[in-house]
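Report on one structure; see the data block that follows.
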Amino acid sequence: MMNHQSDDVPCMQSSLLGSHSSVHEVQSINSAELVARLESYEGSGKKGISDVRRTFCLFATFDLLFVTLLWIIELNGDPPLVDITHGILDALQREVLQYDYYTSFFDIFLLSVFRFSMLIIAYAMCKLRHWWAVAITTSTTCAFLLVKVILSKLFSQGAFGYVLPIMSFILAWIEAWFLDFKVLPQEAETENRLRVIRSVSERAALLPPAPISEGQFYSPPESPEESDEEVEEKQDIEKPLV
């Protein structure tokens, strides 16, 4: 019986040590995962610009190129605005040098250049994290187009009198929606995740490893050195003789 209990003690100690080492392994794995995730977020932040912001800048570039393409097509349009026998240089002279607010589309092209320049400077170069820049471009575009459509004679210029103002209006509002509902929320969510992971990793690094307490081990009570047979013999000797 005594040998059986003594054999159980090292088994219990080894099992407790194994469980304690497994806890340390789990803690090390969790801290390694936190560090890896933190490095991945920091690596993405070191790019200088997020993926969703890059997409927004590409859309602003598309806005400029699309309006420019429509304006160039309009320069080679039907008379009476442009004489077909003349080249594109004569059309540019009519549109730019002889600019007429009531019949020219050059100001709509300049409006697209204004949107592109302001959005790229604000959200690509300065990395602005506020909506005021796109609010200025969208409100300016809407106000200018409304006044031009009401006062000018664009509708008498053919199909482009409808297409250019409508497309410029739609693109400006898509830029405002994309920034306000995609770019800024996703970047804020990424920053919050990075902040949480960094704080958790710092706490895990500051916490010392849990010491092994003596209470984790169970030591059975000591058994008497004498065997059961010796105890019975002593009891028989000590009995009084009748």
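The backbone N, Cα and C atoms fix where each Cβ goes, and this holds for glycine too.
Mean model confidence for the domain 'MENTAL' (49-227) is a pLDDT of 84. As annotated by TrEMBL, domain 'MENTAL' applies to 49-227.
Distant neighbours of the transmembrane segment (56-73): 49, 88, 105-106, 108-109, 112-113, 115-116, 119-120, 123-124, 160, 163-164, 167-168, 171-172, 174-175, 178-179, 182-183; these residues of the same chain sit at least 6 beyond its ends, with a Cβ under 8 Å from one of its Cβ atoms. Feature annotation from TrEMBL assigns transmembrane segment to 56-73 (among others).
As annotated by TrEMBL, transmembrane segment applies to 101-124 (among others).
Positions annotated as transmembrane segment by TrEMBL: 131-151 (among others). Sequence-distant neighbours of the transmembrane segment (131-151) (same chain, 6+ residues past either end, Cβ-Cβ under 8 Å): 101-102, 107-108, 111, 114-115, 118-119, 122-123, 165, 168-169, 172-173, 175-176, 179-180, 184.
Look at TrEMBL and you will find 157-179 (among others) tagged as transmembrane segment. Away from its own ends, the transmembrane segment (157-179) comes close to residues 55-56, 59-60, 63, 66-67, 70-71, 73-74, 77-78, 81, 103, 105, 108, 111-112, 115, 119, 123, 131, 134-135, 137-138, 141-142, 145, 148-149 of its chain (Cβ-Cβ under 8 Å, at least six residues beyond either end).
Here TrEMBL flags 211-242 as region 'Disordered'.
Annotation comment: TrEMBL describes 223-233 as compositional bias 'Acidic residues'.
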